[in-house]
Amino acid sequence: MSIDWYNFTPWSALAGGALIGLAASLFVVMNGRVAGISGLIGSLLERGEGWGEKGLFLLGVLLAPLLWQLFCRLPEIQIDSGWLALTVAGLLVGVGTRYGAGCTSGHGVCGLSRLSPRSLAATLSFMAAGFVTVFVLRHLLGA
Amino acid sequence: MRKLMAFLAGVIFGIGLLTAGMANPAKVLGFLDLAGAWDPSLVLVMAAAIGVAFLPFSWARAQRSSLLGAPMQLPGKRELDRRLIGGSLLFGIGWGIAGICPGPAVAILLTGRWQVLLFVAAMLVGMVVFAALERRRG
């Protein structure tokens, strides 16, 4: 392992992380809800309760880049995957987050913040799977 | 008021993802690439997010209702089961393929990239398939 100092962005990472934590805090303290994106989307698809608040939270995330652009240029967004990889990845993320009852936000941020053992197990699982997948794709298959 | 808060929290969440670099799939893959040139930035994103959210969640766990009078809806399940681990592993594989997880997918959906539209469409199909399988399971 070698650290990629060139792309390492500690200050924006800390600032962005703090904002994510603030948003999750507001949502639970004010609305009593977990800011887990996959759960919110899944609940909307299945017409679960509280769709107004859930939909508005998602709308906020959706509109964030447009509001951002009113004030400054968007940060770099680089996607190198082709259509097949994106399709397979999207399907796996959709099915996986619903079976696993959460993603990076629900388990990784909210779940770990409330010391949930399920979220810790889930986070370790998807992190490990992510590390292994990138290793296989980049270093074994050379994709 | 609750609806306004939900929207505001969503906007802050999205701005946070963009600021943190989480919304850049190439950067996320740089974090997942332990064996290559590793970008540890996302460790700091998680640490800062949890650092900020820890006390509010500790408070919330002890409450029956939120400050705005909504019922406190925190998951109560504690068992680890095959669905949780299996689902999370599948999610991790998908995350490792494209470097996109659900939050950033929503946060960059309207930035005019066909790749994100395709990813989100496939993700929604995956979620609908899950819902259909759950209904059959009864």
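Cβ coordinates come from backbone N, Cα and C, glycine included.
What TrEMBL lists as transmembrane segment is A:12-34 (among others).
The feature transmembrane segment is assigned by TrEMBL to A:55-71 (among others).
Listed by sequence, the residues of this chain that lie at least six past the ends of the transmembrane segment (A:83-101) yet keep a Cβ under 8 A from its Cβ atoms are 38-39, 42, 107, 118, 122, 125-126. What TrEMBL lists as transmembrane segment is A:83-101 (among others).
The transmembrane segment annotation in TrEMBL covers A:121-141 (among others).
Beyond its flanks by at least six residues, the transmembrane segment (A:55-71) meets 27, 33, 35, 37, 40-41, 44 of its own chain at Cβ-Cβ distances under 8 Å.
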